[in-house]
């Protein structure tokens, strides 16, 4: 038997400036399931994380609330810890970047980089908020991306195209703090010489450490040439002062990833059998994995490995990147009640419902994951209650009534139990590859076979026949053993269900290797319902409560609707028109037959629209909001049907579809209510 693997795993650090929401939880649940699988298999797998507790945002929020930054991050850490615990995210240590360990390691790594010649110093022209009397951190400047032209982007990187840049490259900058137009002032800054590591990064990023799609994106940045990275910020700033440089602080993205190391060191200092160097030394044979979202790939796949290489530490074994979460096919929305905080979800629903749904959707790629609330209810109720738990509930009563709760030794379906045994390696491979969706499909396929076999044997009918009781006991004992196998396979995803099943089965905590055996002549405990169906009313209550969270947050922050800063304030209602002018516009329901990108056009999609007997070709500037045009296929929308055709570079546009929003990614194509038909007039 091979030696247990030594694995250290991290998730991205949640920022200590707000609540955890379901988009965040996607990553922590994904990581937790993988860690639990490794532990389930007998490997030494350590999962550490921390709150990302530095930066201007925290300093400014604390100032606004009249408390110290230290008090703020302590309050937020308590909230985060409670949310994670109730979602069954089982960290071995959850620390803070505002810690002695992180200060020590950040200073050490910086000084090692400096001694090796990887730190440069020069004066830069930096934005300064004339109203707040402070230099502006990158995330407190907003404007237009200099690379792709997307509006409302932060001063350090573009969430649309992934480009990184200096804040001074941003077009039309505004202070996100005061709204003032910032002025430029000179300041002495410190830079990490990232280009020193170009060759190493080209090799490392193609060594299997990244998914192919991520490696391809990184290659684009590498091919464009790396730039020195500004790692300093000016006072006032909440963070660690750079050694020997009064008034200069480490940029939060320097000490944040070092927080992984600091959290592990904090754990090592309290755990004698753990050796920090065994996991972080240059020659470490332990495995190191970071789970992150695709929005922070550049920091983890470029800056972080270069910092580690330059300071004499080991680099990650792999970086697992996931996509964003959408809800009902769209970005999470506070007004629609789909921007759901972790706490709001927990107030209404079991964490295991969401854990299973995420698992059923998470592949090993970087595609976005959609939480469709109707599908969520149907899938959980069908798979977990209707398939898995149903097996135990079908069989347990007969065993308790007919054999005092004792499983007989006879295996009534050896071919089926052998099939379950044979499926284990494939399921394990799917877990290992982080292809949770495939693992869940294979497990539910087994559950379908078990239910079909029990239905075919119909112990409820046999039990009414004279002399069939022994056969009933054999069938039900086999059914309970099949249920036990499913629980073993699902335990990394559903630890609460597994614990309740272990209590019913009257067994010690199940491990992966237990799948190779069957229970026989074994006493069961009383069967109690293991999981209840999701009530759609509770889902609706959750979304309603999320809308209430929005109202509460507006009240807490002194916001009001819509006079001060709502949509009408941004885009006032146009001048009145006569009814006849409006009546001249012919609005129709249209079916999007096909949506496709237009070669050579950055913003346009070509829409083929069906008006109920007539097709139209329409060009629409909505590509930024719908990067995957195929998702629009088959959708109903609204169009101006009598707009004079317009000749464009790419063809003739025969109308205009209707959408809301300020532009860029925030465009929302309008749709009629269900039941509307293509070609119907909109009145």
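Glycine is no exception: its Cβ is also placed from the backbone N, Cα and C atoms.
Since we're looking at a predicted model, the values are computed, not measured.
What Swiss-Prot annotates here:
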- 145, 148, 158, 161: Zn(2+) binding site (BINDING)
- 334: ATP binding site (BINDING)
- 581-683: domain 'tRNA-binding' (DOMAIN)
- 14-24: motif ''HIGH' region' (MOTIF)
- 331-335: motif ''KMSKS' region' (MOTIF)
Sparsest-packed of the listed binding-site residues (158, 161) - C-beta count within 10 angstroms: 161
Neighbour tally for residue 334 (ATP binding site), based on other Cβ positions within 10 Å of its Cβ: 15
Extra residues within 8 Å (Cβ to Cβ centroid of 145, 148, 158, 161), Zn(2+): 146, 147, 149, 150, 153, 159, 160, 162, 163
The domain 'tRNA-binding' (581-683) - residue tally per DSSP class, helix then strand then coil: 7 helix, 46 strand, 50 coil
Three-class DSSP secondary structure - residue 148 (Zn(2+) binding site): coil
Tally of residues which DSSP labels helix, strand or coil - the motif ''KMSKS' region' (331-335): 0 helix, 0 strand, 5 coil
Secondary structure content, the motif ''HIGH' region' (14-24) (per DSSP, counts of residues): 3 helix, 2 strand, 6 coil
